[in-house]
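Participant: Okay, these came from TrEMBL:
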type     : residues : note
TRANSMEM : 43-62    : transmembrane segment
TRANSMEM : 74-93    : transmembrane segment
TRANSMEM : 100-120  : transmembrane segment
TRANSMEM : 140-160  : transmembrane segment
TRANSMEM : 190-209  : transmembrane segment
TRANSMEM : 215-235  : transmembrane segment
TRANSMEM : 329-347  : transmembrane segment
TRANSMEM : 367-389  : transmembrane segment
TRANSMEM : 409-429  : transmembrane segment
TRANSMEM : 449-469  : transmembrane segment
TRANSMEM : 490-510  : transmembrane segment
TRANSMEM : 535-557  : transmembrane segment
Amino acid sequence: MEGKMSWTVADAVDYKGFPADRSKTGGWVPAALILGIEICERLSTMGIAVNLVTYLVGVMHLPSSTSANVVTDFMGTSFLLCLLGGFLADSFLGRYKTIAIFAAIQTLGTGALAIATKLPQLRPPPCHASASHTCKPANGFQMGILYVALYLIALGTGGLKSSVSGFGTDQFDDKDEKEKAQMTYFFNRFFFFISTGTLTAVTVLVYLQDEVGRSWSYGICSVSMFVAILIFLSGTKRYRYKKSRGSPIVQIFQVIVAAINKRKMELPYSVELLYEDTPEAQRIHHTDQFRFLDKAAIVAEGDFERNVVSAPNPWKLCSVTKVEEVKMMVGLLPVWATTIIFWTTYAQMITFSVEQASTMERSIGGFLIPAGSLTVFFVAAILITLAVYDRLIMPLWKKLKGKPGFTNLQRIAIGLVLSTLGMAVAALAEKKRLAVARTVGATTTTLPISVFMLIPQFFLVGAGEAFIYTGQLDFFITQSPKGMKTMSTGLFLTTLSLGFFVSSFLVSVVKKVTGSNDGQGWLADNINHGRLDCFYGLLAVLGVINFVLYLVFAVWYKPKNPKPALQMETIVNGSSAENKC
């Protein structure tokens with residue numbers, strides 16, 4: 001019996017629900033089948049996002065500010081729906097079904113987008129805008145079809161992000177040393193596939209969109225995902241499955257509801273009188289922060305279910321440990337709030353910066369660089385920064401300070417500084433571009449100024465992302481309770497989502513405050529007539545203010561359960577196994 005049990009994985013089952021046989025399930029082959037889904041998701045989402053603004057402006061004839069908001073709303077919704085996907089996977093569907101269902105939804109979305117960009121009835125008639133002639137924008141029906149396609153893709157992306165990496169790690173047993181090493185290798189390959197998908201999207205797919213046709217490009221995405229789904233389903237008998245444990249969101253609401261219902265009750269004089277049923281080894285010591293929540297642990301009449309021994313109603317009575325776990329999550333919120341502005345800055349790199357590039361000289365010899373492909377410098381900056389940090393900065397810092405690298409809060413701070421500098425540099429570059437536009441005429445299609453002048457802003461914000469992404473992920477994983485790693489990762493992803501939505505909000509406000517009836521203002525319908533440099537300057541000022549607030553919150557924050565920090569290389573290579581998205 002003992003020999004037989006060694007061949008099964010303790011917390012996993014096979015497709016029939018029996019204990020998973022180590023020799024017949026899991027490992028590299030099933031994990032590799034899952035990676036195909038991830039590369040196709042990156043290919044579709046990034047291939048659409050980085051070049052969508054040029055389609056909206058050039059083909060659908062939307063104002064630049066409206067086009068930017070369509071893109072940021074699309075990306076924001078994609079990340080926000082990751083929470084929905086995670087909740088469904090944790091509470092109802094499981095990761096396997098979640099991946100299959102949402103991959104199919106994304107396939108439908110990219111297919112619909114291919115049709116929407118192919119049929120002439122679904123876009124306004126072509127024309128070239130001039131000072132005396134305004135092109136007819138897309139009507140409500142045409143935009144409606146486009147929105148349906150985009151938000152099907154966003155829904156699919158959110159569901160996939162919530163489960164792909166997690167289901168990949170389910171194929172390895174972290175209690176087995178050999179498989180634990182393979183898991184690390186898996187995450188290394190997982191990051192490689194993400195990078196490969198993104199680079200392919202911003203180079204090959206963007207080129208196909210501009211030179212061959214968008215419908216072909218989006219059709220390739222749809223077919224690729226369909227093939228990836230078939231490959232994924234072919235491994236059904238080889239996968240290991242882990243049972244859903246329920247969503248931590250429910251626990252948070254239970255504590256809040258119980259505390260509100262007992263808001264009029266007085267806390268006992270000793271914390272020993274508060275309810276606690278957690279095993280001693282797993283308990284979290286009581287803290288004095290957010291004491292209102294402690295009322296959820298006050299024992300009162302009616303808290304226990306009738307005819308059930310020692311089983312409290314979780315909506316009426318929560319243990320001290322559960323309350324402390326919620327307190328830990330609440331304590332993360334100030335730092336969480338002050339990282340949102342970075343992703344607002346990031347949003348400009350795939351919207352207005354791409355639109356800037358479309359007006360500038362992009363030729364190298366006889367080859368015309370697609371405007372959306374300029375984001376390749378953004379991706380390159382991330383990879384270069386990660387390599388420099390791991391190979392140069394970390395060893396040097398360890399030699400000077402005796403520490404393996406910057407702390408998570410320090411890395412977040414560096415990311416915020418670099419993004420603020422990126423916006424300041426972007427404002428200066430845009431000022432120069434506008435000066436050229438005024439000299440040669442704002443209606444000139446291609447301004448005599450090199451697009452490579454935009455590289456510094458892409459590099460600064462890209463380097464900032466390398467620091468802030470790993471810093472945030474480290475912070476939310478190491479400072480959250482063990483049972484809420486999924487929730488904390490979801491909290492991290494909401495900063496991306498809200499960053500895009502804040503960008504849409506700022507664009508709308510600036511457009512309303514500075515705009516005029518003839519489409520002028522800072523964010524004019526034609527950016528050559530606007531003052532995009534002022535908008536970038538505003539973001540730089542907001543970045544400085546946000547950084548000051550961040551420093552205050554970072555000093556105020558006291559780590560609840562210190563653990564060894566996850567460094568960039570660790571996060572990239574796989575120790576962030578809890579990162580479900």
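Cβ atoms here come from the backbone N, Cα and C positions, even for glycine.
Mind running through what each feature is packed against?
Facilitator: Same-chain residues lying 6+ beyond the ends of the transmembrane segment (74-93) with a Cβ under 8 Å from its Cβ atoms: 45, 48-49, 52, 101-102, 150-151, 153-155, 157-163, 166, 244-250, 347, 350, 486, 490, 493-494, 496-501, 504, 580-581.
Long-range contacts of the transmembrane segment (140-160) within its own chain (CB-CB distance under 8 A, at least 6 residues past either end) are made by residues 37-38, 41, 44-45, 48, 60, 70, 74, 77-85, 88, 98-99, 101-110, 112-113, 115-116, 122-124.
Long-range Cβ contacts of the transmembrane segment (190-209) within its own chain (Cβ-Cβ under 8 Å, at least 6 residues beyond either end) map to 35, 38-47, 50-51, 55, 165, 168, 216-217, 220-221, 370, 372-373, 375-376, 379, 383, 572-574.
Listed by sequence, the residues of this chain that lie at least six past the ends of the transmembrane segment (329-347) yet keep a Cβ under 8 A from its Cβ atoms are 68, 71-72, 75, 252, 289-290, 293, 409, 412, 415-416, 419-420, 422-423, 461, 464-465, 468, 472, 475-476, 479-481, 484, 487-488, 491-492, 494-496, 498-500, 502-503, 506, 539, 542-543, 546, 549-550, 553-554, 556-557, 560.
Counting residues 6+ beyond its ends, the transmembrane segment (449-469) has Cβ neighbours under 8 Å at 339, 342, 345-346, 349, 353, 356-357, 360-362, 369, 371, 374-375, 377-382, 384-386, 389, 406, 411-412, 414-419, 421-423, 425-426, 429, 432-433, 436, 568 in the same chain.
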Participant: Do the transmembrane segment (409-429) and the transmembrane segment (100-120) come together with 3 or more C-beta pairs under 8 Å, pairs six or more apart in sequence?
Facilitator: no
Participant: Apart from its near flanks, which chain residues at least 6 from the ends of the transmembrane segment (215-235) lie with a Cβ under 8 angstroms of it?
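Facilitator: Apart from its flanks, the transmembrane segment (215-235) reaches 29-30, 33-34, 36-37, 39-41, 43-44, 47-48, 99-100, 103-104, 106-107, 110-111, 113-115, 117-118, 205, 208-209.
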Participant: Within the same chain, where does the transmembrane segment (367-389) have neighbours whose Cβ lies under 8 angstroms from its own Cβ atoms, ignoring anything closer than 6 residues to its ends? I mean 6 or more beyond.
Facilitator: 50-51, 54, 195, 198-199, 202-203, 206-207, 209-211, 349-350, 353-355, 357-358, 405, 451, 454-455, 458-463, 465-467, 470, 568-569, 572
Participant: Mind checking which residues of the chain, 6+ beyond the ends of the transmembrane segment (43-62), have their Cβ under 8 Å from one of its Cβ atoms?
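Facilitator: Sequence-distant neighbours of the transmembrane segment (43-62): 68, 70-71, 74-75, 78, 106, 110, 113, 117, 123-124, 126-127, 129, 135-138, 142-143, 146, 150, 153, 157, 197-198, 200-202, 205-206, 209-210, 214, 217-218, 221-222, 224-225, 350-352, 354-355, 358, 370-372, 375.
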